[in-house]
Amino acid sequence: MREYDEIIAILGEWGPFQALIYILLSLSAIPSGYTALSMVFLADIPPHHCRLPFLNSSYGGLGYNLSIPTEEVKGKIILSRCRRYIEQGDSDAVFGNDTEGCLDGWVFSKERYVSTIVTEWNLVCDDAWKAPFTVTVFFLGVLAGSFCSGIISDRYGRKLTFFSSKALLTVFSLVLIASNSWEMFCVVYCFVGMMDVANYCTAFILGAELLSKSARMSFGILGVCSCFAIGYAILPLFAYFIRSWRTLQLALSLLGFLYIPLWWYVPESPRWLITQGRFQEAEAIIRAAAIKNGITPPDDFFQLEHSAEEKTIEHESGGQNKYTWLDLLKTKNIRNITVLNIIIWISINIAYYGLSFNTSNLDGDPYLNCLIAASTEFVAYIFVWFTTRYAPRRFTLPFTLLLGGVLLLLIELVPQELNALTVALAMTGKLVVTGAFSFVYFYSTELFPTVVRNMGLGVTSMAARIGSTLSPYIAYIGTYNSVLPYILMGAISIISGVLSLLLPETKGEELPELISQVKPLQWLCRKKKSVDKNNQDGSLRSEVELTLHQRGLQTTINTF
């Protein structure tokens with residue numbers, strides 16, 4: 001039976017067909033960049049205070065200063081956002097020292113935004129938890145989508161799943177605009193998260209199965225991830241010119257229609273078609289790709305039916321073992337690898353999305369800060385691409401996490417007047433954390449054995465959503481204390497960086513096929529080597545003693 005890679009080797013490593021697939025599937029990741037991070041602007045909280053119906057002065061007028069207490073936020077004295085003085089007697093503008101909540105609503109500053117979902121549904125004070133929870137709902141949808149999309153893709157095909165999720169993502173994004181309540185917005189936004197991750201993951205799988213081995217890593221790092229960063233960079237540009245959340249969401253949603261022509265250029269995965277017994281369709285796609293690359297395949301080259309028959313016989317004869325999620329905990333080595341990967345993935349997601357959502361809390365222009373944050377991702381992906389080719393795996397992951405953690409912790413020591421230095425440290429920290437974010441996926445694929453590799457990545461990816469759902473609350477703390485989020489994310493990054501030092505090296509080594517071939521953690525490996533050395537030394541010592549003893553006996557015999 002010939003392997004699939006051997007069958008498609010006739011296409012060559014690179015040609016017009018591979019270039020077209022590489023470009024189109026990479027471009028399909030652009031909406032994921034602005035969809036996942038649009039809440040930076042859609043749910044931003046403008047300056048606000050209690051509405052006073054008996055005053056007609058504008059925001060920040062003298063009447064407000066007399067009727068609303070002040071509070072200190074991020075070292076600045078501002079009007080209280082949730083309290084006002086209780087009016088005394090029948091006379092207007094006479095107040096005591098007692099305060100009450102904002103019974104008549106709030107006044108929001110229009111200086112930066114015409115509207116956000118916060119101003120639309122008053123998601124402040126007692127309802128302030130709803131803004132970060134909206135992002136949590138999105139990532140709960142991502143969690144469900146990452147689980148379901150793989151099952152649907154395996155059953156109904158990559159192409160159908162890819163375009164269906166792309167279409168539904170556009171539809172739900174448009175429905176989001178019609179939300180007439182926060183509850184409706186959350187429900188629809190959850191489905192947006194499901195469709196977004198389904199589209200992203202299926203595009204990744206399609207590229208991996210349609211492209212040659214040499215192009216897959218470039219596609220995963222420089223292709224898909226860079227286009228995700230392009231979508232991230234588009235977001236602040238749109239948000240700068242469109243200050244109403246509904247109009248901004250409409251403009252971003254309409255970009256989805258640009259992907260309709262891809263249906264005629266992106267084929268189904270021949271690998272998936274072969275597994276379904278649809279040999280003629282798979283052969284037609286491979287032949288068409290060969291012709292596009294200027295290659296005429298021989299008539300007897302495709303023996304797909306024969307290969308599939310052998311696979312069926314092997315499966316029916318019980319030649320393959322069936323593995324479950326529990327096999328990820330079966331032995332000590334794979335259990336350690338699984339637990340460590342889960343912790344590291346959660347930590348990286350907290351830091352990455354926490355830094356991304358916290359850009360609006362940085363001093364300076366939020367649009368410029370968001371654009372800089374998106375630009376750092378390009379540098380991070382180039383760095384990861386370089387290190388995956390030349391540096392050990394055990395250097396790259398700990399280096400990025402530890403350096404990122406130290407940079408974030410240094411922000412606490414920066415004086416308040418040096419805002420530019422704070423932004424520089426935050427952006428540099430995000431750069432290296434982004435490098436870890438993109439690198440850990442490839443490192444994990446090399447750590448898990450082939451028989452449970454997909455399940456291992458599925459478990460760690462689902463666990464990573466725990467970090468994603470917590471990240472908006474880390475960023476929300478920044479509205480009250482600008483330094484505390486960086487302390488939390490820096491500490492988490494350093495802890496995970498130290499733990500990553502325990503992972504074994506995989507660069508240039510054969511990938512494990514079976515669970516029994518999984519490597520032990522680094523300190524266990526050293527301990528085992530030490531034990532082996534001691535045993536070896538002990539054996540050598542015993543051997544020497546035995547030899548000396550024998551020589552002693554021989555000397556005694558010679559004396560007699």
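Here the Cβ of each residue, glycine as well, is placed from N, Cα and C on the backbone.
TrEMBL annotations:
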DOMAIN    76-508  domain 'Major facilitator superfamily (MFS) profile'
TRANSMEM  20-43  transmembrane segment
TRANSMEM  131-153  transmembrane segment
TRANSMEM  160-178  transmembrane segment
TRANSMEM  184-207  transmembrane segment
TRANSMEM  219-242  transmembrane segment
TRANSMEM  248-266  transmembrane segment
TRANSMEM  337-354  transmembrane segment
TRANSMEM  366-388  transmembrane segment
TRANSMEM  395-414  transmembrane segment
TRANSMEM  420-443  transmembrane segment
TRANSMEM  455-477  transmembrane segment
TRANSMEM  483-503  transmembrane segment
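Nonlocal intrachain contacts for the transmembrane segment (248-266), taken as residues 6+ away from its ends with a CB within less than 8 angstroms of a stretch CB, comprise 20-21, 24-25, 27-28, 30-31, 34-35, 38, 41-42, 159, 162-163, 166-167, 169-170, 173-174, 176-177, 206, 235, 238-239, 242. With pairs at least 6 apart in sequence, the transmembrane segment (131-153) and the transmembrane segment (455-477) have 3 or more Cβ pairs within the 8 Å limit; the two touch. Distant neighbours of the transmembrane segment (366-388): 33, 40-41, 44, 112, 217-218, 221-222, 225-226, 228-229, 232-233, 235-237, 239-240, 355-356, 359-360, 395-396, 423, 427-428, 430-432, 434-435, 437-439, 442; these residues of the same chain sit at least 6 beyond its ends, with a Cβ under 8 Å from one of its Cβ atoms.
The list of residues near the transmembrane segment (395-414) in space but at least 6 beyond its ends in sequence, with Cβ under 8 angstroms from a Cβ of it, reads 344, 347-348, 351, 384, 387-388, 421-422, 425-426, 428-430, 432-433, 435-436, 439-440, 443, 483, 486-487, 489-498, 500-501, 503.
For the transmembrane segment (160-178), the residues of the chain that approach it from at least six positions outside its boundaries are 28, 31, 35, 149, 152-153, 185, 188-189, 191-192, 195-196, 198-199, 202-203, 206, 246, 249-250, 252-253, 256-257, 259, 262-263, 266, judged by C-beta separation under 8 angstroms. The stretch from 20-43, 131-153, 337-354, 420-443 that makes the most Cβ contacts under 8 Å with the transmembrane segment (483-503) is 337-354.
Here the transmembrane segment (184-207) has Cβ contacts under 8 Å with residues 21-22, 25-26, 28-29, 31-32, 35-36, 117, 133-134, 137-142, 144-146, 148-150, 152-153, 158-159, 161-162, 165-166, 168-169, 172-173, 175-176, 216, 219-220, 223-224, 228, 266, 269 of the same chain, all six or more residues outside its ends.
Outside the transmembrane segment (420-443) by six or more residues, the chain places 217, 220-221, 225, 341, 344-345, 348-349, 351-352, 355-356, 358, 362-364, 369, 372-373, 376-377, 379-381, 383-384, 387-388, 393, 396-397, 399-401, 403-405, 407-408, 410-411, 414, 457, 486, 490, 493, 503, 506 with a CB less than 8 A from a CB of the stretch.
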